[in-house]
Every structure is written in structure tokens, then in C-alpha cells.
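Following: one structure in C-alpha cells, then a few remarks.
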Amino acid sequence: MPHQHKGIDKAKILTEALPYIQRFSGKTLVVKYGGNAMTDPELESSFARDIVLLKTVGLNPIVVHGGGPQVDSLLKRLGQVSDRIDGMRVTDEATMEVVEMVLGGSVNKSIVNLINQHGGRAIGLTGKDGNLIRARKLLMEKHDEQGDIKHIDLGLVGEVVGIKTDVLEMFTQSDFIPVIAPLGVDESGNTYNINADLVAGKVAEALGAEKLILLTNISGVLDENKNLLTGLSTQEVDRLIATGVIYGGMIPKVGCALDAVKGGVVSAHIVDGRVPHATLLEIFTDHGVGTLITNRLHAKSEH
């Protein structure tokens, strides 16, 4: 009988997922992969299985990955110092060589290999391939003690100007799963290091994706009592930022999700990547495992 109960439980999970599979079949979703999910073997495996399953049941997943800790590790081994300003890496030419080597090389190919080992057909890209990510230099704005805005030069740190969607559509219309390293190139051929959340958001916007999923090391967006907010409208997010409930390091991540939704992505999800199979749970279950952000005023029912 215990085995029968397990079978019934699995059947219930599948029947709960079915309406979501039908609803999202043929839709594109962009998943930002980073944090603990990239360093824990069990989480790595569950992430790869999630991506392969999404492709198998008819969705078009696109992966954008980070890799800051891996960059830090190689810089340390090489004896190079990399400064940060408000969490942004100051990237000179020597640092950029390491960033490109790690993100476009070892990290990208290890994710491709991971997905392929679990039955997928992943293909690795950087923003330089086919001019996929067109970029320009990012000038960071900060207020000085007098309240005046000053621009800070972060070196070869960029922002996204445009996405060549035809490069990605070539793969999503086939069996391939694109895996993108967040490197961009400008009109002069200069390479830029770009925040992976921002790249994922801009890719999702450009493709008119159904969903943007940001895997993080936290449970999602929390209220003033540190309780998880499972669903938010864009108006509610604006209010929570204005009142200081969303603050610090969460502002850029939530801002990226907010911009994507305002730019045409149907919904954005800030998801706890420490939970095995977090991506599947967020998409294919009634409650999800993170915070959903959508233009609709009643977001909680939209998982």
C-alpha cells in the first residue's frame, strides 16, 4: 500500500501540472541561473532536469547565467585585485580577460555539459556570438555628500542596448536550449561585462517572453515582517520600493523584474534557487516557491 500511495501522490503532481503545461506550451521563458544553484551538486542536477523537462513538454527555455564567485576565485589565484562599488565589479582590461575566460568559457560550457548530460541539447553563447547582445559603457550614478549626481567609471562594465532576437529564435524553434554568458559588445568591438539579471530581463523583453525567472539565494520578496510576498503587481512593487520595504541589494533585482514586466514580459518571478526543482515548482504548481510580479492588480492567483 505505501507504494500505491506514492504512485497516487505522483499522479496528483502530474495532474496539477497539466493545466500549466497546456497553458505555457510553445511559450518562451528566460531563466537567470546563479547563486547556490550553481555550486551545490544536487541543485545543479535538479536545475538541469527542470530545464530539460520544460523543453520536453513544449516550452522554450533560455538560460542566462552569472558566475561572479568563479571569476573571484580565478582572479585570486592569478593574484589580481578586483574592486567593487555598490556590488558592481570594476572591470579593467586585465580583469575583463578573466571575466570572459570564466563566463564565456568554463562556466558556460559546464552548464551546457550539465544540461546535455540530463538529456537536453544545450548550446553555449556569449553576447558576442552573432552580435547577440549589443552593449554600451555603463556610467554609474551616485549622489555625493552635497546631493549632486556624479558619474563613476566602472571600466568595461556595460548595459544592454539591444538583443538580436533572430539569433535566439534560430535555436528556440529547434531542439536546442540556448545558454548565454552575460558579455556584450559595442559598435567598436569592445567587450563588456554585464549584470546577468539585466541581460536576462532584456532578453525576456526582446522576445516577448511569457516568464522571466530569477533564481536567487533568498526565498523571494519579503514584507516588513519578513514574510514572503507570493504575488505583487507592478504598482505594489513601486510602493514597496518607495516606502523602503524593498531596499539594498534587492532593489536592482526587483527593478530588473519590474522593468521586464513593464516592457511586455507577462510575469517575472524571484525564486528561491536553494530549493530543489525551484523552477518547476514555480511554473507548474498552484503556489510556487517565490514572488510573482505581474501587471495585474491581483497577482497572487497568477502562478
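Keep in mind that glycine also has a Cβ here, set from the backbone N, Cα and C atoms.
Per Swiss-Prot, site 'Transition state stabilizer' is recorded for Lys32, Lys253, and the stated evidence type is sequence analysis. What Swiss-Prot records for Gly67, Gly68, Arg89, Asn193 is substrate binding site, and it gives sequence analysis as the kind of evidence.
The Cβ centroid of Gly67, Gly68, Arg89, Asn193 marks the substrate site; residues of that chain outside this set whose Cβ lies within 8 Å of it are Gly66, Val71, Asp72, Thr91, Val99, Val102, Leu103, Pro182, Ala196, given in sequence order. Spread of the substrate binding residues is 12 Å (greatest Cα-Cα distance among Gly67, Gly68, Arg89, Asn193).
Mapped onto three states, the DSSP output places Gly67 (substrate binding site) in coil. The Cβ of Asn193 (substrate binding site) lies under 8 Å from the Cβ of Arg89, Thr91, Met96, Val99, Leu103, Leu156, Val157, Gly158, Pro182, Leu183, each on the same chain and at least six residues away in sequence. Summary: among the binding-site residues (Gly67, Gly68), the fewest other C-beta atoms within 10 A of the C-beta are counted at Gly68. Recorded residues Gly67 (substrate binding site) and Lys32 (site 'Transition state stabilizer') have their alpha carbons 11 Å apart, per Cα-Cα distance. Asn193 (substrate binding site) falls within a strand segment according to DSSP. DSSP assigns Lys32 (site 'Transition state stabilizer') to a strand in the three-state reduction. Between the C-alpha atoms of Lys253 (site 'Transition state stabilizer') and Gly68 (substrate binding site), the distance comes to 15 Å. Most Cβ neighbours within 10 Å, among the recorded positions Lys32, Arg89, Lys253: Lys32 holds that distinction in the structure as shown. For the pair Lys32 (site 'Transition state stabilizer') and Gly68 (substrate binding site), the Cα-Cα distance reads 13 Å.
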